[in-house]
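Lifted from Swiss-Prot, the feature list:
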| type | residues | note |
| --- | --- | --- |
| TRANSMEM | 27-47 | transmembrane segment |
| TRANSMEM | 97-117 | transmembrane segment |
| TRANSMEM | 128-148 | transmembrane segment |
| TRANSMEM | 166-186 | transmembrane segment |
| TRANSMEM | 204-224 | transmembrane segment |
| TRANSMEM | 266-286 | transmembrane segment |
| TRANSMEM | 308-328 | transmembrane segment |
| TRANSMEM | 347-367 | transmembrane segment |
Amino acid sequence: MNSGIDLEMSFTQGVQNLGLSHELAHLLWIPLPMLLVLVSAVIGVLVTVWLERKISAAAQQRIGPEYAGALGILQPMADGLKLLVKEDIIPARADSVLFTVGPILVLVPVILSWLIVPFGQNLLISNVGIGIFLWIALSSIQPIGLLMSGYSSNNKYSLLGGLRAAAQSISYEIPLALAVLAIVMMSNSLSTVDIVEQQNTAGFLSWNIWRQPVGFIIFWICALAECERLPFDLPEAEEELVAGYQTEYSGMKFALFYLAGYINLVLSALLVSVLYLGGWGFPISIDWFSSFIGLSIDNPLVQIIAASLGIVMTILKAYLLVFLAILLRWTTPRVRIDQLLDLGWKFLLPISLVNLLVTASLKLAFPMTFGG
């Protein structure tokens, strides 16, 4: 099958077929990636918020959202509209510039990271050759926005929440990057498309989760910590810090923090799907499937079926992980700040280093299995 392609090429060729010049086609493409990212991210957040509220209600033997649309499906949209029209209050002693820039600096890197996520065989907004490196670089910007928001609020609870968020993010960013580096080493590429293609040779047996089980666990723990999900929600612990760095925020600025958090959760689940669970790949080989139905793999019908099911597989794997994250929220207690830092620096960091060294050794010893 064809490898994942850049949507820009398909769009440009389609516009040129209508008689427009290449320069005009490229100019028309410029705003589309961000539009696609915003639409997919917002839809992902709306679904995730609804799922979380319904699952949380089930865990507490409640009904949950019910009146806004069928089964309360429109409740997240109603909440967003409510926050949109609420008054935007800036504390009198706050730094108004940093207070405003902080939430934006938290949200923008998370949205930009969606550019590298391949949703299907031929559904990729930007096939960046260094996609993984770009994602790690963008994710390192978010703690600056959190610290800026906490500091600029001129509130002791906000400042403590911002400091906790920065410490937590730095502590878990390193083992997260080392876990991803082991995948990059096996795939010989920083491209998310190449990583998925490398996993789709023998069905689910070729998924990276079997060759990197330790890396998978490290990545998932670090991803939950980066998203500040329970049991790692220390920066906004209600019993200790009111709402952490969000304490003085209201209206749409307050909503931006939650929007960034849920977008980051869905993004992390998608990246786990791409890096460890074969992305758009099926549990069975597509070659075996095409031979089973008696059609060539190059048959247009097989290509359409594979592309459509590939998108479904990517989203299904991601939302299974989102479901797991929501369950963890209601089944695990919050850790203390010293336990959180000890887990990152004394446990996950050494294990991720050992995992990287073992992966390098196995790559040399078994190049066919570990991508030599």
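Residue numbers in this text run from 1 along the chain shown.
Note: Cβ is positioned from N, Cα and C throughout, glycine not excepted.
Touching of the transmembrane segment (347-367) and the transmembrane segment (27-47) is ruled out by the presence of fewer than three CB pairs under 8 A, sequence neighbours closer than 6 excluded.
Long-range Cβ contacts of the transmembrane segment (308-328) within its own chain (Cβ-Cβ under 8 Å, at least 6 residues beyond either end) map to 47-48, 51-52, 55-56, 59, 118-121, 123, 220, 224, 227, 229-231, 265-266, 268-270, 272-274, 277-282.
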